[in-house]
Amino acid sequence: MLGMCRGRRKFVAASLALIFIPALTWLYLSSANITVKPLPLSPLDPQSSAVVGAAAEHQSLELRLRDVEEHNNALRREISRTPRVPTHSSHPSSSRHGNQLHTHSTEEGTGDSEAKKGAAAGNSSDCVPQPVVKKCETIHIAIVCAGYNASRDVVTLVKSVLFHRRNPLHFHIITDSIARKILADLFHTWMVPAVHVNFYDADELKSEVSWIPNKHYSGIHGLMKLVLTKTLPSDLEKVIVLDTDITFATDIAELWVVFHKFKGQQVLGLVENQSDWYLGNLWKNHRPWPALGRGFNTGVILLLLDRLRKLKWEQMWRLTAERELMSMLSTSLADQDIFNAVIKQNPFLVHQLPCYWNVQLSDHTRSEKCYKDVSDLKVIHWNSPKKLRVKNKHVEFFRNLYLTFLEYDGNLLRRELFGCPSETDHNSENLQKTLSELDEDDPCYEFRRERFTVHRTHVYFLHYEYEPTVDNTDVTLVAQLSMDRLQMLEAICKHWEGPISLALYLSDAEAQQFLRYAQGSEVLMSRSNVGYHIVYKEGQFYPVNLLRNVAMGQVNTPYMFLSDIDFLPMYGLYEYLRKSVVQLDMGNTKKALVVPAFETLRYRLSFPKSKAELLSQLDMGTLFTFRYHVWTKGHAPTDFAKWRTATTPYRVQWEADFEPYVMVRRESPEYDRRFVGFGWNKVAHIMELDAQEYEFVVLPNAYMIHMPHAPSFDITKFRSNKQYRACLKTLKEEFQQNMSRRYGFAALKYMTVDNNS
């Protein structure tokens, strides 16, 4: 009996071995993601298994696999009979993969860690679909911008947002009068589709926050985010608020969708402050405003405006500010201090954003803990007065990312979106209609098209501050230039002490080169009465007359001296022209005061300080009358022989191809935009002045000297390209016909004179 029991035990043990050993082996081999060397099917090592015959081994394996399959089927039937109890699995694979068979793998471990990261950031969800922004949903962005420097910063911010965006955008910009003028012109000429801009007067909001003492470098404008609920339209429900020193590295729609994650009474979306400022341990006796933990940074804010209004936000922040100012006396970080004080008292208001939505780069931040990889970056915040000079071990990477958008061609952002309906832009519609009417087979098509090209324009690129004199005699020098003429700026500033309006034709990258050049020049930085207006490059021609019109459009004095960048005016010309205004009764007559033009072929010239010195150099061959050897007709009517001995102003008559440099009233006609590049651009303007019955009066003691330079690209094309010259002639004839239609019978003389010549 004992022997029988032992025999049965051996039989059972053998049976179990035959069933479970192959089963475990099969499960091990069928693991999807762990690839290791397969175990032998018998306890023998590979050398001993080689002794077994191949046929017997194959048959044995087949039997074992069949047994394993039958065992698995039995298990499935048993499981199907067991009732399921719904539970919330904490395992990330449960929510991610539903009912899929999931094997343990290294991928699963990664998913688990990612889920933990998401939960820590407040972004975890169990089988809940992630919200998305609708294709054509408009994203609203609010920015406070004041002054010339902030206006430049806004452009870089907007570029980074436009580069990544896939949705229509609506910018709400709170500006002072300076920034409004700059940004209104910029957005108007930028013509980016599916972008709407509203401006709000910061001056009207000053009384709301001026009672708060503020030590922050942003000044009173740094407090205006507090009053957005009152400033922005009452029907606007939510908005993303951004500082001007922000750079986006992702689609802003990803941030917009976070609004869906707000719960309960959460109305503010903020990233935790990444410095120890609010911990009060940066230096001895440092006493910051109250904050929740490390506090929150207000460079990026998600505002639920409708809920804030219901919570009486205005009253809430005012009471908090008044209470804290009794002991703190002033804010150190502007609106951020007050936001944090409110949150300290009402922590339920805040929804904490993951820190990659506001990677703060200042000397005391620990922002490197927010990211391990480039893909982790969403928003970079240069929240230090040092900006790009801030200390950070990864600052070179961040700086390069910032410079990418700083120098990025903004014209490329004019791309159309994917069929989203938008309000009709009449300017864009009219432009497209005009361009469609042009004949693309016309040999002069590119010339004609250039006349209607809308160039992106950034007026007052640098700080400008000047009030015209009260006697109504003030004069602004007007000129235009490209990058290769920058070296003339300092010399002109030394010769002309009055206001200057300059239009610069530059690419985005060249504009930054110019900025660095100007900021490094003591001469240019000492002058606040020079307005620099950037017209961004587009097309193949130099839009010389557009540039002149842009510079003329920013003149705020009664008179303007229409010059060119290659000319140095005589010392004292500014005061001489102002005196001539009174002497010649310019305020009551239509006169164009002619300043005689000369030239030198020497790069180093002892500039004449008087008319006598100039005449001496003229006699010695150091100076010449301008273009005497290539274009005599251009300045011949000035009558240089008479000028040599003249002591009083004298009148001259218009002649064909006359193109003097003149001082006129600010209301004088603009230059005709059809003329681009080289040829007939000034001639046409002088012709129109004559048609409007301006008198040309030569000033006896005024002069200007043209300095030598390499030939421009456009004059080279004019000289070498026959089609260029043919198109210029065609445009000239069309201009003359247009003059006849506008000014009647008297204007026929321009066509007659030209035909005779």
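Using the three backbone atoms N, Cα and C, a Cβ is placed for every residue, glycine included.
According to Swiss-Prot, the listed position annotated as N-linked glycosylation site out of Asn33, Asn738 is Asn738. Across the binding-site residues listed here (Asp243, Asp245, Asp564, Asp566), the residue whose Cβ sits among the most other Cβ atoms within 10 Å is Asp243.
Spacing of Asp243 (Mn(2+) 1 binding site) relative to Asp566 (Mn(2+) 2 binding site) is 41 Å (Cα to Cα, whole number). Taking Cα separation as the measure, Asn738 (N-linked glycosylation site) is nearest to Asp564 of the recorded positions Asn149, Asp245, Asn273, Asp564, Asp566.
If you take the Cα of Asn273 (N-linked glycosylation site) and the Cα of Asp245 (Mn(2+) 1 binding site), they are about 16 angstrom apart, rounded to a whole number. For the pair formed by Asp245 (Mn(2+) 1 binding site) and Asn149 (N-linked glycosylation site), distance between Cα atoms is given as 11 Å, rounded to the nearest Å. Here the C-alpha separation of Asp564 (Mn(2+) 2 binding site) and Asn149 (N-linked glycosylation site) works out to 28 Å. For the pair Asn149 (N-linked glycosylation site) and Asp566 (Mn(2+) 2 binding site), the Cα-Cα distance reads 29 Å. Taking every protein chain shown into account, Asn149, Asn273, Asn738 are the glycosylation sites, and of these the Cβ with the most other Cβ atoms within 10 Å belongs to Asn273.
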